[in-house]
Amino acid sequence: MSITPEVKSRGMKFAEEQLLKHGWTQGKGLGRKENGITQALRVTLKQDTYGVGHDPAKEFTNHWWNDLFNKTAANLVVETRQDGVQIRRLSKETTRQDHAKPNLLYQKFVKTATLTSSGEKPDKDWESCSDDDSQEPKPPNVLTDEMLLQACEGRTAHKAARLGITMKAKLARLEAQEQAFLAQLKGQDPGVPQLQSESKSPKKKKKKRKQKEEEEPTTTERSAEKYSEHTDESIRKSKKKKRQHQEERVTDEREGTAIENEEETIRTGGLGELKNREHVDRSFRKKKRRGQHHEERAELAVLDNEGGKVAVSEVGTEEAERRVYTHPCGRSKKRRQHEEEDLNTEDEEVEEALVDSGTREAESRSCSDQKRGRSKKKRRQYQEEEVLDGPGVNTAQKAKKKKQKKRD
């Protein structure tokens, strides 16, 4: 057990220091013989309004009601006669004589007689007192409860009863306990103690017993039904919970597989996109090279046939159109512009298709196949135009074919 040290004030510390200077140690008493006090006096605050010499335990030890009953019992005298018992109250004078104060004049001497000129005269009062002392002591008068109630005119120590607050229920319980205790002593079953005022007829008791017997099976049936309903509800709830858990597991597994498939497609799709882009770039390079070769061949053929010269003297709308249409330089420039525009548009379309294709290989493959088909068609068209541009084709035939293409 750890004892907390006392917190000392400045005054206590100063006093201890002064005593220690003069040879005092803790535990010694004050004085030359060291038999004085060992602890310092301490001032305490008085928190109440009681005077000096007040005993706080007096309210617990002072039995005022007992003194009151003793005083009233001392003032009563019970006389038994042939007619009956009679209670008589003593007057205040008699009570004063009985409890007279002792005479302290001759406290240490016994007065037997008075000296006179003729001689001693004995005291009559003393003789009477001696006669009274020689008699036997009288037994105390013990009063019963009924006598005390009559003497007190029905008043008791319970002050609340004067205002109508009685203890009938408590007294009834005590009486019932006494009856049960007496029944146990006699060897009978205590049962339910009943008062005379609350006694009931045997017919009513029989009816109550029958009602209880009839109610018991109904209550048991109801309790069984409630228990069965409760168990059914608990089973249903458990089944629902199991189903919910199973559905959640299935959905989680599906989501996991879908995510894994998406990741795999992303990985494979990225590789497919790279391959498709490389393949498309190669095809476009080949197309450009082929177009360039075809243009060079056509220019060489035109130069060889016409000698690179055009008649300037011929004037007219038809001849001018023919010259422009049949002029190899004009043709080659326009073709190059058209081809470059077509190639640029194809590049843009391919890039958009690759971006939109996302992460799936099937879409990218289908898009690349479609673009290949388009590029093949355009190649055929270019070849046909080159054939038409040749020296053996008329301008009328070329115009008709162009109109048909526009309609298509």
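Glycine residues also receive a Cβ, built from the backbone N, Cα and C atoms like all the rest.
Per Swiss-Prot, these features apply:
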type	residues	note
COMPBIAS	222-236	compositional bias 'Basic and acidic residues'
COMPBIAS	245-257	compositional bias 'Basic and acidic residues'
COMPBIAS	274-283	compositional bias 'Basic and acidic residues'
COMPBIAS	340-354	compositional bias 'Acidic residues'
COMPBIAS	358-372	compositional bias 'Basic and acidic residues'
DOMAIN	11-57	domain 'G-patch'
MOD_RES	Met1	N-acetylmethionine
MOD_RES	Thr4	phosphothreonine
MOD_RES	Thr116	phosphothreonine
MOD_RES	Ser128	phosphoserine
MOD_RES	Ser130	phosphoserine
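According to DSSP, the secondary structure content of the domain 'G-patch' (11-57) in residues is 11 helix, 0 strand, 36 coil. Neighbours of Thr116 (phosphothreonine), defined as other CB atoms within 10 A of its CB across all chains, total 8.
Regional average pLDDT for the domain 'G-patch' (11-57) in the model is 85. The residues of the compositional bias 'Basic and acidic residues' (245-257), classed with DSSP into helix (H, G, I), strand (E, B) and coil, number 13 helix, 0 strand, 0 coil. Mapped onto three states, the DSSP output places Thr116 (phosphothreonine) in coil.
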